Amino acid sequence: MKIFREVFELGNKEIILETGGMARQADGSVTVSCGNNIVLVTTVVKKSVADGTDFFPLSVHYLEKTYAAGKIPGGFLRREGRPSEEQILISRLIDRSIRPSFPDGFFNEIQIVATVLSYDGAFSPDILALIGASASLAISGAPYDDVVAGVRVGYTNGKYILNPNKQDLRDSDLDLVVSGTDDAILMVESEANSLPESVMLGGILYAHKHLKTIINSINRLAKVASKPRMEYSIYQINKFLKSQIKSQFFGEIKNAYTIASKQERNLKLNAIRKNVLEYIFSSDVDGNEYTEKEILEAFHDIEKDLVRSNILEGKPRIDGRCTETIRPINVKIGVLPGVHGSALFTRGETQALVVTTLGSDRDAQLVESLDGIEKCRYMLHYNFPPYSVGECGMVGMAPKRREIGHANLAKRATQAVFPNEEAYPYVVRVVSEILESNGSSSMATVCGSSLSMMDAGVPIAEPVAGIAMGLIKDGAKYAVLSDILGDEDHLGDMDFKVAGTRYGVTALQMDIKIKGISREILEQALEQARVGRLHILGIMNEVIKEHKEAVSDVAPQIHVMNINPAKIKDVVGRGGATVKGIVEKTGAQIDTSDSGEVKVFAKDKKSMDMAVAMIEEIVAEVEEGQVYKGKIVKLLDSGVFVNLLGSQDGYLPFSEIEQAGMKTNSLVEGQGLEVLVQNIDRGGRVKLSLVAR
C-alpha cells in the first residue's frame, strides 16, 4: 500500500491531503485533515455514456456521520437518515464549484461522495470537503484540467480573516465562500451584515488570491498519484444539420425572439420546432438519419447563438429591455386576510406570494447536527409548483435540492435584518409560493419575505431586496444583464444573485458556466446590481417601508415578563398545578425559565391579558403601609394567618383584632378581612393589623 501525502497551510492551519490508504477501489480517493477534522472524499467515473444521456450527470453527496463527533443519532432506528438541509446545501456548493471545469459535451456519469469521519467542532468541514472533491477528481483520470479550490473568508474590524473558525464567524460581518481556478472565479456564496460592494469585492479577490496554494498542492498530489487519463467522447452539435435548419428557419426564429411574452414566444417556438422536425424527417438533408434529439439540440444551439449575439451587438433583449432595465414591478401587502402577514411581489412574469406566520418558542425548529441540537427561530421555505412555469408535474413531494437552496439564499439575505430574541420573542416562519416564474424567483422571494414580515409586524431593521444579474461573454466582448429572464439565465454564462438593504449587501450567490470571470466584470455586475436594488427598494418603500406597529388581529399575542427568579416556583405551583390552572382558565401557553423570564403566548389579547393578570397577582410583592383584602387561611391560639397575594401570607395577632373591636371567637378559615401591612422583617415575615370597620 503506497500512500501519497501533501501538506499546506491555510490561514495558519495545517491541512493534509492523503491518498492510497482508504477507499482504493474508487477512481479517486482523498482524505483531507485539519486538526481533528477528517473528511474522506471519493470519485467514481463511469467509463461510458448511458444511452439517451444528453446532459452531464454529476452528483455530489456530502454526508456527516454522527460518530465523527462521538454521538449516537436520535430517532427510533438510532442511525443516520436522509441528509439534512445543511448537508444538501454543502453538496450543492461543491457541485456548483466543480461543474464548470468539465468540458462541454462530456456526458459520463460522475459521483462524488464526501464523508465526515472525524469532527472537532472548531471548523465547518465544508471547505475540506470541497478541497477533497477537487483533489479526488484530479487523481481520478477524469477530464478535469482546471483544478478548483475553495476558501472561506470572514470580515471583522475592517480586516479579512482567511479560514475563520466558528467562533470567528460568530463575531464576523461576513461569511464568504469563494471557489475558482488559478486564474478565474467560478462560484461565490455569502452572507453579510449590509456591507458595501467594495468590501464584498475585496473579500472575493482576497479569497481568490489564496486559492493558488491549495491548487498547487492538489497538482503536486495528482502528479504522483493520478490514474491515467480516461478515454471519453465529447458530444457535439452536427454543424451541417445546424446550418440546414438555420438556412430554412432562421427568420422565423429571429421573429419569435421579438415576442416579449414568454407564453406567446414559447407557442411560436414550439410551432417552429414542429415544422423543423417535419422538414428534416421528410427530406434527405445529407443522406443521414437524424434523431429528434439531435435535431432539437441543433435548433437550441441556433436559439442560443441568436440571443447571445443580439445582446453583444447592443440590440434589445428578448423582452425589449436594455441591459440595465428592471422589469415592471407590482407590490401588494395584506393580500390574505386570514394570515398574520402576506405580500404579493410581481416582477415581469415572475410572481411570489409570501406568507409570514408568527409562533411561540414551542414552534421553533430543532435542527440536529454534529454540533448538537440548535433551536431555529426563523424559518423560510420556498415552493416551486409546476404550474408556475405552465407545466404538469409532481405536487406535494419533499422539497428538491433547488427549492432548499433557494430558500436558504433568501433566508441568508434577510437574516441580517431579522430581530434577536430579546427584541422580538416570536418564532417566525416565512413561506414563498412561486406562482409564476420567468427568472429570479429566489430574488422575488427575498423581496416578498421582507414585505410580508413588515406586514406581519416583524421589526426587521431594514427592507431587503434582491436582483439576479446575468452575463453574455464571447472572447473579450461581454454584456452584464440586470434582472435576467429564465431564457437569459439558461442561455447565458452567469447567474449572479445580489441581495441587500439601502446600505449594503446581505447575500451574494454566483454561479459561472464558463471558465471564470474577471475583476472588471465583477465590479460592473456589483454596481449594476446596487443601482437595480435601490430601484426595487424604492418601489417597495412606496407600499411599506417599515414594519407595522401592531400584529394582525388574527395573529397570536405574546408578552414577556421578567419576575423575581424566586417567584418562579409560585407561578408553577406544586407539581405544576398553578400554571396548569392558568392555562386551563385562559387558554394561554406559558413558558418559564429559572432566570425569571415568563413568556405568555395566547391566541388573542383577551386571553393574554387574563393570563398576565393572574401571573402578576401571584408574583406581586406585598408592601409596607398598603391595605389588602385577604382571607384567613389558618387559625392559631394567638392569631391568624391571612393570605394577601398569591402565596404570600401575613400574621394578624388577636390583640390587633380585639383592638379594632372585633371578636376573635367568631373567626373562621376562608373569612375575608381588610388588613394593613405594618412591617416586613428581614426574614420576609409580614405583620398585619386589622383595618377598623
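Any Cβ shown, glycine's included, is placed from N, Cα and C.
Taken verbatim from Swiss-Prot:
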- D489, D495: Mg(2+) binding site (BINDING)
- 556-615: domain 'KH' (DOMAIN)
- 625-693: domain 'S1 motif' (DOMAIN)
With every protein chain in view, what's the tally of Cβ atoms within 10 Å of the Cβ of D489 (Mg(2+) binding site), excluding that atom itself? 18
Report the DSSP secondary-structure composition of the domain 'S1 motif' (625-693) as helix, strand and coil residue counts. 9 helix, 36 strand, 24 coil
Tertiary neighbours of D495 (Mg(2+) binding site) (same chain, Cβ under 8 Å, six or more apart): A468, M469, G470, I484, D489, Q509, M510, D511
The domain 'KH' (556-615) resolves under DSSP into 32 helix, 16 strand, 12 coil
Mean of pLDDT values spanning the domain 'S1 motif' (625-693): 86
